[in-house]
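Pulled from TrEMBL, these are the features on record:
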type     : residues  : note
TRANSMEM : A:49-67   : transmembrane segment
TRANSMEM : A:74-91   : transmembrane segment
TRANSMEM : A:97-121  : transmembrane segment
TRANSMEM : A:128-153 : transmembrane segment
TRANSMEM : A:216-237 : transmembrane segment
TRANSMEM : A:249-267 : transmembrane segment
TRANSMEM : A:274-295 : transmembrane segment
TRANSMEM : A:301-326 : transmembrane segment
Amino acid sequence: MKRFLSALRRLLPQLAALGIILLLNAMISPGFFHVEMQNGRLYGSLIDVINRGAPVALLAIGMTLVIATKGIDLSVGAVMAITGAVAASLITQGYPLVATLGGTLAVGLFCGLWNGALVALLDIQPIIATLILMVAGRGIAQLITEGIILTFNDKPDLIFVGSGAFLGLPMPFIIWFVMAILMVTIVRRTALGLLIEAIGVNRRASTLSGVGSRSLLFAVYATSGLCAAIAGIIAAADIKGADANNAGLWLELDAILAVVIGGNSLLGGRFSIAGSLIGAMIMQSVNTGILLSGFPPEFNLIIKAVIILIILVVQSPTSQSLWTFLRRDRHPTAKQERAVR
Amino acid sequence: MRSLILLAGTAVAAGLVLSSVSANAMTVGFSQIGSESGWRAAETSVTKQEAEKRGIDLKFADAQQKQENQIKAIRSFIAQGVDAILLAPVVATGWDSVLEEAKEADIPVVLLDRQIDAPEDLYLTAVTSDQTYEGKVAGDWLVKDVGDKECNVVELQGTTGSSPAINRKKGFEQAIAGHDNIKIVRSQTGDFTRTKGKEVMESFIKAEDGGKNICALYAHNDDMAVGAIQAIKEAGLKPGTDIKVVSIDAVPDIFQAMANGEANATVELTPNMAGPAFDALDAYLKDKKEPAKWIQTESKLYTPADEPMKVYEEKKGLGY
């Protein structure tokens, strides 16, 4: 409980930002918080946020781990396109759902291992190593779909993954939520999270002190590939087709931004998956708010940029220390005590 | 050594025979942008079909979205001494010098589906659709369909700032001007993609009283319409009846939706740009008849009355 509270306190700036954005949305569109049951599923703008935010949330989970090792994965958008194409092509060839999902996840895992090999074995800088697949990935996806939007309108089981509902909640939300709990449990209930942070702080030092840096790097890039594969399946199932040109386009940047808004440093080290997920939800809330607002589309990106800029400025170390400075005189002892701890 | 010379001699002779055989058939070089979209792939396959139909020897070069590849292709066409060149330009500028080379070699160049910024005497003609007119055809259909009834339209725009988005919006607005019963209540970009079309439509429905205020959807392309149709269905409404759907492009999937009664009309952006181009070239090379500088392709309106399933089957084979 105490641990939970301290985690909550650490995420306070992100939660506050999310709250403010949601309140702004409610001011723009009065029915924003209204959620009702319709056709056996929850329906409302809030549900749209957690549903539409699924791809970026999933990518952010993998991206957080990669960034914690001081790396970056630019290929996730392209991996989404590849895995979406693989899923569509397998299901249209008549493979059952389980085989389709299994095959697609395997392809995502392979893409992640490829990145991992370039980074861990060949010591290529992550931004360059993953750029290779980012550039080539869409071409590979186009080869799989043969340049068309590969549709599967008659495969209800795969479509269910993207637009079905379980217990009234949209499937994409359930998938990213379960995935998040799974990953947090794996990295925080074991020493894995700590070891990943150690690599991010100083890979050489952690290798010398006995951390299996190579295999851990492989593992985080593979996880990122796997998360991208799940996001790719959801994106394809959502529109009942694989669009090699546009699936996951620029989402790698959204995912990196979600991680940063979530309070994680691109320099690696300490990380918080929950923070990244809140970051992803902040971004999706901004998107949904813009769509509901009815502003002309020319303003979309400007509004988004300004809001993100404000969030990042508030979170920046300089304004943090300014904040601390302003509050310094009030509780000097408590502050010092916390700093020591 | 002697056998080699003999071989070379035979090859030259064979080449002479071949070229004399094809002397009466036209040789045309086609520099295509690439295959970035389904429509582009369909244009390539229709061009090949049209050439075959007319007995034209088509030399095809795929530029993979790069202007330098297109310039290289045009230079190699000139070197091969083709009778004419078709060019689907990837960008608008930077064509002057290579087109001058073609002009000096007396090879007419026809532009396909896009215009360029170059002096008009450097090319024979341009075959393109009129994007403003496409929007107008869609708007005219809606005006006729709703009659005097009040109708609130939501619009899914193409990529912000792109010329089809600007022109298709303009054309539609021209068509509904003067009909005060038809109003565009919401307009937002869906980036020409299914995913964004679906997401934006979801928010339109929520913002307009669960979709009850919306009478029709106008999408700048079919892909966004296909995404939006799914959003309408998932909100518990009937696309095609509760919310009318009109869009542009006429890709195969919209005909399937039309056959299911989920879409009401689409305006075709024909992939057959080469047919009119070959006709103009034929007239020019045989009778020296200069065509107009701009040949506008037909923007045909399709509704469920046009046997959508049949059109779907026809179009599916084109590589969309």
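Backbone N, Cα and C atoms are what each Cβ position is placed from, and that goes for glycine too.
For the transmembrane segment (A:216-237), the partner stretch with the highest count of Cβ pairs under 8 angstroms, out of A:74-91, A:97-121, A:128-153, A:249-267, is A:97-121. In this chain, the transmembrane segment (A:97-121) lies out of contact with the transmembrane segment (A:274-295); the count of Cβ pairs under 8 Å, excluding pairs fewer than 6 apart in sequence, is fewer than 3. Of the ranges A:49-67, A:74-91, A:97-121, A:249-267, the one with the most Cβ pairs under 8 Å to the transmembrane segment (A:128-153) is A:74-91. Long-range Cβ contacts of the transmembrane segment (A:74-91) within its own chain (Cβ-Cβ under 8 Å, at least 6 residues beyond either end) map to 55, 59, 62-63, 97, 99-101, 103-105, 107-108, 111-112, 115, 127, 130-138, 140-142, 144-145, 150-152, 155, 158, 224-225, 227-229, 231-233, 235-237, 241-245, 247-252, 255.
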